[in-house]
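Before any comments, here is the structure.
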Amino acid sequence: MDIFRVLTRGASINKKANQKGKTVDYSTADTDNDKVDNKQVEKQLNRELDFFRNKKIVSKVETAKAKLEDSVEDSHQQDNNDDVTEVAYDVKITTKEQASALRKSYKGNITGEDIPLPIGSFEDLISRFSLDKRLLNNLIENHFTEPTPIQCEAIPLCLNGRDLLACAPTGSGKTLAFLIPLLQQIIEEKNFSGVKGLIISPTKELATQIFNECVKLSKRIYLDKKRPLQVAILSKSLGAKLRNKVISDKKYDLIISTPLRLIDVVKNEALDLSNVKHLIFDEADKLFDKTFIEQTDDILNSCTDPSMRKSMFSATIPSSVEETANSIMNDPVRVIIGHKEAANTNIEQKLIFCGNEEGKLIAIRQLVQQGEFKPPIIIFLESIARAKALYHELMYDRINVDVIHAERTAIQREKIIERFKTGELWCLICTDVLARGIDFKGVNLVINYDVPTTAQAYVHRIGRTGRGGRSGKAVTLYTKLDSVAIKPIINVMKQSGCEVEGWMNNISKITKREKEAIKKGKSHKERDQISTVPKVERLKRKKKQDMIRASKRRQLESNAIESAD
């Protein structure tokens, strides 16, 4: 927009008149042209002042929008009203035809009974659900101006009190999709004391991230004159305070926790979950697998309110999780954005054959030489021992790298994540502890040094890049041992619309026996050690270490015999 034009509008200079030496009365400038300019400038200002600018949906919705704008503009001209904030540019979904067109635009598949209409913009929440103004202001301050597809569907469903099973790609805004309705419902239930909302996350890092987002959205929201909306993450220190009655559990309205810590506090009768009205499982496929299912079941048994609303969110929803959801939910609605086993379409996916383990290190170094190793970068491995080994190899290559895994303390992990987020650290090596939910802004490259054991693990790993509409790249290194394990990866690549090479189309379908082997981690033999030292040299070193240990053992035995004599 030309700012100088705005500042000088209303002034018109007749150059020919000046050349003839005649004076010009600027007060009699061309009013018709000025009106046209003013009209164009006003329309531009209106659009720039509209915080809730909407995406292009389909021609029917756009036509309705254009008619609405024209009618509003005509009425403003007739009434000579200069209040630009009254001009509405939002797309309101009022019919099933509009809803169908919107869902078709983002490939949404919604199944269930009595499904409410989606929202076309955040302004829809004001007219349909009387969204709290303080919550709306917090959305604007944090630059959340346009709902993503999962938010368009999940928010009205939750605000209508429906149980929900939601699946959407990584980085698509699932956290906001359950936080907005949850906070709105807590505000509406301000007369009830105690914990009203509960969010369960499989890892502490993800729980912390959800807590930080929740704090931003609940800023300056008071349930009465002196009591702000209280959000807490159930840390070790908070658990101790609750057990020792230093703090009452009635203080908090919303608690975010990992399963085991929550169960520990509940079993000690330090936290009452009987009043919880909204229960949300983030990364539901992980929380309902064999690792967490018993803990999740204990949590469900502790939440005794029969009217409690339950929601499950994840980027991947296996059929087993769907069966569990249908058994514990009341008339749930199933929302799938895209394909439930597909990765984010903004991610360029690539497979690199390395022959053997030594070839993987060579491939990493080739990426560096070819300029494809562009930070920030995350490298995933299958075990802590292998993550440590790769860290030492890359550290000696003078790459700005660090490693994070379950053996690191909570403080160490937090510091490493903070360094990575601020750009101080370029490359982060980790296990699957960081594969889920953690939102790192602007990750350019994800490297699967070890092939993931399942398609779900692969989708979550590469989902650390390509978030928030940005593009990203994912590279998976594989060897002869991974000939079976890469089959699910190739299927994900096809479903995500990636270009695949000819041999990928000709690969045989994965058998039931191979699926079971992959799930049990038996799809390949034990991997070789990560090292650039030749195998012959490693065997020599091992033989030498064995000789030293044997010598020490003989020395101890002889000392024991002498002391006995």
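The backbone N, Cα and C atoms fix where each Cβ goes, and this holds for glycine too.
From a predicted model like this one, the values you see are computed outputs, not experimental measurements.
Residues 282-285 are the range that Swiss-Prot records as motif 'DEAD box', among 282-285, 358-361, 418-421. Per Swiss-Prot, the stretch carrying the note motif 'Q motif' among 66-94, 95-123, 124-152, 298-326 is 124-152. Summary of the ATP site environment: with the site residues ALA168, PRO169, THR170, GLY171, SER172, GLY173, LYS174, THR175 set aside, the chain residues having Cβ atoms within 8 Å of the Cβ mean position are THR148, ILE150, ALA177, ALA315, ARG467. In the three-state DSSP reading, LYS174 (ATP binding site) counts as helix. Taking the Cβ of ALA168 (ATP binding site) as reference, residues of its chain lying under 8 Å away and at least six apart in sequence are, in sequence order, THR148, PRO149, ILE150, LYS174, ALA177, PHE313, ALA315, VAL335, ILE336, ILE337, GLY338. Averaged over the motif 'DEAD box' (282-285), the predicted model has a pLDDT of 92. Comparing local CB density within 10 A for the binding-site residues PRO169, GLY171, GLY173, the maximum falls on PRO169. According to DSSP, the secondary structure content of the motif 'Q motif' (124-152) in residues is 19 helix, 0 strand, 10 coil. In this structure, the binding-site residues THR170, THR175 were compared by how many other Cβ atoms lie within 10 Å of their Cβ, and the smallest count belongs to THR175. Taking the Cβ of SER172 (ATP binding site) as reference, residues of its chain lying under 8 Å away and at least six apart in sequence are, in sequence order, THR148, PRO149, ILE150, ILE337, ASN344.
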